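The following features are taken from TrEMBL:
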{"type": "DOMAIN", "residues": "42-135", "note": "domain 'Cadherin'"}
{"type": "DOMAIN", "residues": "144-245", "note": "domain 'Cadherin'"}
{"type": "DOMAIN", "residues": "246-353", "note": "domain 'Cadherin'"}
{"type": "DOMAIN", "residues": "359-463", "note": "domain 'Cadherin'"}
{"type": "DOMAIN", "residues": "464-567", "note": "domain 'Cadherin'"}
{"type": "DOMAIN", "residues": "568-673", "note": "domain 'Cadherin'"}
{"type": "DOMAIN", "residues": "677-785", "note": "domain 'Cadherin'"}
{"type": "SIGNAL", "residues": "1-19", "note": "signal peptide"}
{"type": "TRANSMEM", "residues": "790-815", "note": "transmembrane segment"}
Amino acid sequence: MFIFSIVQILLALCAFVEAREVNYTILEENQPDYFLGKVSDDAKLHELLTTGDVTDVQYNILYSGNKDASWFTINDKSSALFASKSIDRDVICKYLTTCVLKFDVIAQSSGSGSFFHKVSVSVTVNDENDNVPKFPNPVVRQIVSEASVPGAATPLMGAEDLDAGRNGIQTYRLLPENVPFNLTAEYYANGRSQLQLIVTGKLDRETKNNYDLLILAVDGGQPAKTGTLTLNIVIGDINDNPPIFEKSMYNISIAEDVVPLTTVLALRATDKDSGENGRVIYRLSDHQSDSIHRTFKVEATTGELKVIKSLIEERKANYEIIVEASDNASNPLISQVPVFVTLLDTQNTAPEVILNIFPSGGNTVDVSENSAIGTVLALISVKDPDSGPNGQVECAINDNNFSLVKYDDSAEFNVILNKTLDREKKSVHHVTITCSDAGSPPLSVTSEFTVHVSDSNDNPPLFTRKVYQTSVTESNPVPINIGQVQAQDADNTKNISYSIEQSNSYSQWFEIDSESGAIFLNHSLDRETSPEIELQIKATDNGLPLLTGSAIFKISVADINDNKPVFHSKTFEYWIPENFSVNTMIASLSIMDADAGLNGQISISASSNDGHSSLPFMFLEDGSIFTSGDLDREKCDRYRIHLTAYDHGSPSLNSTVNLTIHIQDINDNPPVIQFPPSDTPYLEIPYTTTEDSVIMNIQATDLDQGENSRVNYLLDGDNITVDMFSLHNETGQLSLNRDLEISDVGVRSFFIIARDNGVPPKEAKRAFSIRISSQLTSSHRQPGEESVKYYAIAIAIGCVTVVLSAIIIFAICYVRRRDRHKADTSNGSVTSNSTLETDLSHSEIRMNGGYHRTFTQPSVTKPAWRPPREKQVSFKETTDMNRSPREPEVVSDDVVIWEYASEAGDTYHPYSDPYGSLPHKRQIPNLYSKNQVEWASDNENGQWTPNSDVMI
């Protein structure tokens, strides 16, 4: 328990000591007590040790709770670290790519020293290729079906190699290589792998029924180690071979009077498969006529074909029998062979006639009077099982309105219409057909049927008009009758049914009375979406077949004024340059009115939002805007226009929008020189004028905007030298570059140029002269001197007015303060006559020209419970504390200030110390009256010297 407590303390101390890390590497299967290194050297603990701690440090491994530490020991004096046991990496780090054992070493002073440090040790155990890849089973027998297609995969267990990394399994090989198989492997992180045996070629058990293969698992060690697996592949049989008959077909001839149960043919088939897959079973195919099954049978095991019924009764000359041979597999394969049986004629029999009436069957047929010549009415099939002359049959018909036509080369005849029938002359025909063979004597047979001639419906209903037209006003009430159609039928049909074809989406809005042809509208129409609707009206008779007539019913939707003009935008804004040509289009507004005619005809009215009585624009009905007058930005730089688009419907509908047209500036105004004025052609200065003296400020204005109005100043003249004059090109200030001399006396004439920055630029030019006089003062005033004088007089009058106002206000305040003093003398307070200024909102006081801050509070009544004070005074900073108490100084209705001069032996400090430098306890001052702060001394020996503003 004691050791555990020490370890806990050591671990706690480690939290406050930065641990150092050392790393070692060791090969697995090492010898016991394998030396790894000295922890103290490798962790460079000597950098942390003092001279006295070097020989006094003890090293210990923290074994508790760390199984990795159990593999190592350390010399507690020298810090030599050893692997105490042989380490098998494949056991302790099974399936891991890297194997790192981690533990902590504590270095601590064993004597009186205070050294303590933790070292984190990591030992990487490298793998050695000491394990051979091993398969779970050295021999595996695998059955692969011969039905496996190339690419089919069979899973196999891969080998296992306890080594890791490159020493683990790297590849698999399949031997021999010339087999219809391949091998793929999928490797997993735990060292295991999964194999897939892939079929690469066609397998045929009947050709080769087994393969003996060898699988090699090779690791990546040096040298490589190999594990082997013997794989015995057995090719499983599938039912891939059907039974095969000895012949592809059989032909036999037998007498028609053969005795039942006589064997007429022995069939034989063989199957290459084995077992039940190769056992053959015979039967008659189900997919043939029932007469075959009634007449013949085949033995299942022997394949003998037998007659089981008299062939004379069947009255057939030959038979085609399908015999099947199948194996006995779960999914059997089948082969078929045809057996052609020809009957030898031994007795004459009468022909057999089979009559097939179209389309109803029976012995009666209905034929329309307008049936086309050649129409097939019936099919006659003649059968005679005899051969030779006994089987040669001819047929005849008794009515020349019909005829027999032989169908191909068979014993079949079509009964066809030979002439056009007339129901009014003969409505019923009795037809007899006689068929006889050429035997001796000949045998014959007859067949009869009846033909009824029916009236044909060969006239469709016809409308009285091909196109019907009507008009409906939009937003109509529903339902409403919008018209009627009528059709007639030339046939005997009495009943005609009317209907509307659903040819478009509008058809569902309408209904038609099927008997009268009245058309009703059940939907309110909108001309803007459906200006015209076209219906297909159908009239159907009740004949057979039904005949139909059709007509078009057109509905024109009349417009009402239900749509107001619509602008494509809520606001419009355009920019055009000034001086734009008259009658030039500047914009085109998109205005739409979905109505038609006058309801959709749009006009535009415009009014100014800026009070302009007229606008220099024309607004056309199609939304085009043209200039109609001069555009001068200097007169008006923007037109805000209220547009109203109204239609000509009744009542008229309208919509409004705001249009703003900005007039962009162009450089159409030259600068105008304002100073010097045009009536001042020269300026006289004395020759004593010194360098940098400002001669004058040239001023020019330009009515344009932006760069077009920015003026630059230039001088142009032959006798203007750069060394004498300097002109600032932006401000227009003209000054001297040097001191003038007596030799400069004379006239300097030049042109003043004011040029704007437009493209192209415009400029103003004025001739001007500077006279340099020999007199000491100029005889001419500088231009503008009179105006400067007037400015000075105005400023002087203003200053006098302000000073007089301030004196009057001060006098009023002073009188009010004196009057308030008389009202406050009963409080016994001492005040000062100092001149004060106060800012009540910010508690600021200005006294005797200095800046002070004071504490102000609303007026309160002096509490009756206030304890007695030795001395009660108001406090205020002053530069001279040795003054007698004075009357209070009334600053305003809200502030009254006292001053107090200390007497000999009296020292005071405020109960609430505003300076923060007094050693006495701070208290809150008493409030006697409106904004009066009381301060009292706390003890007679206290000292206080106010040397800074009071700030509360």
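Here the Cβ of each residue, glycine as well, is placed from N, Cα and C on the backbone.
In TrEMBL, annotation is done automatically, which means it is predicted and not curated.
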Contact ranking winner - 42-135, 359-463, 677-785 against the domain 'Cadherin' (246-353), Cβ under 8 Å: 359-463
Per-state residue totals over the domain 'Cadherin' (359-463) - DSSP helix, strand, coil: 4 helix, 52 strand, 49 coil
Secondary structure composition of the domain 'Cadherin' (677-785) [DSSP: H/G/I, E/B, coil]: 7 helix, 47 strand, 55 coil
Predicted model, mean pLDDT over the domain 'Cadherin' (359-463): 84
DSSP residue counts for the domain 'Cadherin' (246-353), split into helix, strand and coil: 14 helix, 48 strand, 46 coil
Helix, strand and coil totals (DSSP H, G, I; E, B; other) for the domain 'Cadherin' (42-135): 19 helix, 34 strand, 41 coil
Secondary structure tally of the domain 'Cadherin' (464-567) (DSSP, helix then strand then coil): 3 helix, 47 strand, 54 coil
